[in-house]
Amino acid sequence: MSIRHCVAVDLGASSGRVMLASYQPGPRALTLREIHRFTNSLQKVDGFDCWDVDSLEGEIRRGLEKVCEQGILIDSIGIDTWGVDYVLLDKQGQRVGLPISYRDDRTQGLLRHAEAQLGRAEIYRRSGIQFLPFNTLYQLRALVEQQPELVSQAAHALLIPDYFSFRLTGNLNWEYTNATTTQLVNINSDSWDETLLNWTGAPLAWFGKPTHPGNVIGHWICPQGNRIPVVAVASHDTASAVIASPLADRHAAYLSSGTWSLMGFESLTPYTCDAALQANITNEGGAEGRYRVLKNIMGLWLLQRVLKEQNVSDLQGLIARTAALPACRFIIDCNDDRFINPASMSAEIQAACRDAGQPVPESDAELARCIFDSLALLYARVLNELAALRGHPFSQLHIVGGGCQNTLLNQLCADACGIVVVAGPIEASTLGNIGIQLMTLDELANVDEFRQVVRGNAALTTFTPNPDSEIARFVAQFQPQQTKELCA
């Protein structure tokens, strides 16, 4: 059997990669190779925080061309990115307006406005999605209110991965897993909810019916003239990461750890009860009709900002210095919206500790210790919420994504949660992207079969909880009322 070559374009909030996967069907050997890496950052344009999508497109094309230059025949391409953000196109397929980021503050106050007009429970009943102030629901309302001239110019609204697929193929697509992050998809019909869309003021005609992962959107013509299928993978990066999570059984939870931390479990049915609403649980779409019942946690965004502000280049050295410090001296609520995009993350963390009457972290190691301890405690709280929601404790927690390389945080998580943690794979989003491509190419039957491939090829590390650790002893004192729901 011939080797399959699939390319995953994986875009994150701070960087992007073009990765080549080679799959040998016989031994089920799967290898990944990074072909091209590039930075991604926000730019101020006309007062808005925007993505440089032209630069990103150029980097994507350069990465694909690098693969072709090596004489490799690509079987398929897939693109995954972050959620909620969109690009407007006119009837000719030209971009309209700016590709504004979810971290821009233009949606301030609109979540409360929606709750007042539609009702919080009604919005949740329709969408099943967590209330976040930057959801596309509120972004579109901000667009209509603040830039009404763009509404008549636009003919289509594409989420970020669908936009880049369009740029490669010329074909429009609205992929389901990412569409659900908008808070605009009806959880019962898997189509756009007209009541919610009407509230935004955006035309329903901007959107086509969401399609589930696994369809071929179109073809990219490589410089050598080959027509390469572009597959609609699970284009929300977390959806792809969950596909690649080697969950042991239905009682295993996952934590996709990166800029954001997404903690949850898979379910064949959504959870939209009052308890789920009160806990601000989200029911995002997954592959094969599964729901990703999860909660957004601010994640390593706080650390990324601190590293930049403190000019730290040696992360492993910082982690070693952090591990030597006592635990739980500085505790913040990582899900406080004050940490979404402050002018200085270091100063904001210090201010939060000062406001709480705690000692104030001064050094880079103390700031990191504050972040790690606070995240681990929040992970424990969320895991308990999820277990209570489903009425059954979890057997394991699988940490996947780039954050799973942080061994200190992995152990703190195991200790705080009192559960065995299995870390890996690191490249979860990329692997999940590749998994859907291999299923589309009929090399694998389903997600469960792909997870067997992941288990057979990925390096996994187990962390056993230590009930005598400082953070484990502190957990009993950790008061839930000290935290509030992220942007709820």
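Placement of Cβ uses the backbone N, Cα and C atoms for every residue, glycine included.
These numbers come from a predicted model, not from an experiment.
The active site, proton acceptor annotation in Swiss-Prot covers Asp237 and is backed by sequence analysis. Reduced to three states, the DSSP call for Asp237 (active site, proton acceptor) is helix.
Feature annotation from Swiss-Prot assigns ATP binding site to Ala13, Ser14, Ser15, Gly16, Arg17, Thr259, Gln304, Gly402. All chains included, 20 other C-beta atoms sit within 10 angstroms of the C-beta of Arg17 (ATP binding site).
The number of other Cβ atoms within 10 Å of the Cβ belonging to Gly83 (substrate binding site), over all protein chains shown, comes to 28. The substrate binding site annotation in Swiss-Prot covers Gly83, His236, Asp237, Thr238, Asn296.
Note on Cys222 (disulfide bond): other Cβ atoms within 10 Å of its Cβ, all shown chains, come to 18. Among the features that Swiss-Prot reports, disulfide bond is placed at Cys68-Cys222 (among others), with the record citing sequence analysis.
Under a cutoff of 8 A between CB atoms, and with a sequence separation of 6+ in the same chain, the neighbours of Cys370 (disulfide bond) are Arg329, Phe330, Ile331, Ile332, Ile349, Cys353, Pro361. For Cys353-Cys370 (among others), the entry in Swiss-Prot reads disulfide bond, with the evidence type sequence analysis.
For Cys413 (disulfide bond), applying a Cβ distance below 8 Å and a minimum sequence separation of six or more within one chain yields Leu255, Leu375, Ala376, Tyr379, Ala380, Leu397, Ile399, Val421, Phe463. The annotation disulfide bond is assigned in Swiss-Prot to Cys413-Cys417 (among others) on the grounds of sequence analysis.
Each residue contributes its Cα atom, and for Gly83 (substrate binding site) and Asp237 (active site, proton acceptor) those atoms are 8 Å apart. Candidate binding-site residues: Gly16, Gly402. Fewest other C-beta atoms within 10 angstroms, Gly402. Close to Cys417 (disulfide bond) in the fold, though at least 6 residues off in sequence, lie Ala376, Tyr379, Ala380, Leu383, Leu397, Pro465, each with a CB less than 8 Å from its CB.
Following the DSSP three-state reduction, the secondary structure of Thr259 (ATP binding site) is coil.
For Gln304 (ATP binding site), the nearest of the recorded positions by C-alpha distance turns out to be Thr238; the candidates were Cys68, His236, Thr238. The separation of Arg17 (ATP binding site) from Cys222 (disulfide bond), Cα to Cα, is 18 Å.
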